[in-house]
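As given in TrEMBL:
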- B:G162, B:R163, B:S164, B:T228: NADP(+) binding site (BINDING)
- B:4-117: domain 'Tetrahydrofolate dehydrogenase/cyclohydrolase catalytic' (DOMAIN)
- B:136-277: domain 'Tetrahydrofolate dehydrogenase/cyclohydrolase NAD(P)-binding' (DOMAIN)
Number of protein chains: 2
Amino acid sequence: MSDIDGRTVAKDIRAEVAAAAAKLRAEGTVPLLAVVVPTDDEGTAWYVRSIKKAAEKEGIDCRIEQLDAPGKDEIVAKLQELSADDAVHGIICQTPLPKGVALAEVGWYISPYKDVDGANTESAGRLAAGLRTFAPATAEAVLELLKREDLVLEGANAVVVGRSNVVGKPAAMLLLNESATVTVCHSRTKDLAAVCRGADVLVAAVGRAGMIGADFVKPGATVIDVGTNPTEDGGLVGDVDYAAVSEVAGRLTPVPGGVGPVTTALLLRHTVVAAQLSKTHR
Amino acid sequence: MSDIDGRTVAKDIRAEVAAAAAKLRAEGTVPLLAVVVPTDDEGTAWYVRSIKKAAEKEGIDCRIEQLDAPGKDEIVAKLQELSADDAVHGIICQTPLPKGVALAEVGWYISPYKDVDGANTESAGRLAAGLRTFAPATAEAVLELLKREDLVLEGANAVVVGRSNVVGKPAAMLLLNESATVTVCHSRTKDLAAVCRGADVLVAAVGRAGMIGADFVKPGATVIDVGTNPTEDGGLVGDVDYAAVSEVAGRLTPVPGGVGPVTTALLLRHTVVAAQLSKTHR
């Protein structure tokens, strides 16, 4: 079994991002990512700080827009303001959102040209139609990792466990665009382990620590673990039981060090692409 | 084996449509469906005339907008004009489109409020997110037929053969919203027959006459045949080999008389819903 090393992939992408950002700056455009934070959740604050640090390291300015217990209207107003602001190139609306507010609803107010985490339903529809668009960064990270491995996605049996709008469904669409045969499983799936054992490529995005055991994995399969479940001692574990599955899988992403760093790198790449587009598309 | 009778389902839906249209007319709103026809293809002309006849029978006016060998710009201009016209409630852009023009591109110019055949990528994204929207009528017809049968979609293994934007992908999303475990297959799928044999619900939307044989079907499975392939003698056959599969399946839609009439009925239902929305949403 070999580890799929997300940190190396992220490093490659971030080197390209830094070069693109430097070029933009030389041309007078300072790439700017705005992150709307509608929660005072500590985990979110940590994550947002890590994005800001990564952005600034690669030459992208990052503005954190902290909202204090906002209603839907306040979030919408902020997203509209940022969408209309020519200095802003990328917009992320962080979750969790206040109770009763769905990302798909407020995401509509992020300009598709700045929608670097694919939160707008327009972006989701363009993704489903196979048109150019910004995909949710986590879903795209799954594909980015797979495409750098020596494997054939065309005709492969891909099984995605989890059907969220931000990971499961867009990852399924991206895999379908690569001509994999794609199955989407979830909490209502019968005999989940058996369905997963049919996978050449298994994507775990359920949000339950270690639930994908060795009996879910076909010998030699490629397993991408999207889970980031906090542990009691302040660490992170994935949805995959790493110790058990590493005995069976051919390739496996670790947590941390797999999907996570690539997701951050792709948010930055999307931001420089959005900044490049801003010079021609407005 | 029992036939799933699309004509009876369509009749039920159309009775509801007629009642809703009569109410709208009594309130001073004449529901109007506009069909943009960018081709002189004879099969398309026949289909469009059948929609117009059905609409008028149920109290919906239908305007056919025939375009003569249009470019993309002309199609876009017509869709924009109809989207801005308060008298128009539903808009369909018929295929086939001119070479090099994708429905997903021109569909963007259909107002989502009038997008009764789900051609706008915004509609596709809302569908994927599980939000209220108009789904492509053919994909919704698949679900409409399934929901009227005595079967449990939650946890069922559903296999969709075909990954088009207008049928395969939206049908997969609708089945996923019903909590089925959904697999999407296509021309690159390995051992298609074996994958299909795992299906409790099998949806055939490939466009190849009779390609789904008895060896693709689990005994007792429910099979929905979306195919409408013209025969040399002017008839229609589905993607399913009816004679062979009817020996194995539990339930099967005939062609004609299955998905087709329900699709037409749903286009009409969407149009009266759009007309109702026009009274409150503008």
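Residue positions begin at 1 at the first shown residue.
Each residue, glycine too, has its Cβ placed from N, Cα and C.
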Other C-beta atoms that fall within 10 angstroms of the C-beta of B:T228 (NADP(+) binding site): 20
Filtered B:G162, B:R163, B:S164, B:T228 - binding-site residues with C-beta under 8 A from chain A: B:R163
The domain 'Tetrahydrofolate dehydrogenase/cyclohydrolase catalytic' (B:4-117): DSSP-derived helix, strand, coil residue counts: 60 helix, 16 strand, 38 coil
Intrachain C-beta neighbours of B:R163 (NADP(+) binding site), sequence separation six or more, cut-off 8 angstroms: B:K169, B:V184, B:C185, B:H186
Other C-beta atoms that fall within 10 angstroms of the C-beta of B:G162 (NADP(+) binding site): 23
Three-state secondary structure, B:G162 (NADP(+) binding site) (per DSSP): coil
Diameter of the NADP(+) binding set by C-alpha atoms, the set being B:G162, B:R163, B:S164, B:T228, in angstrom: 16
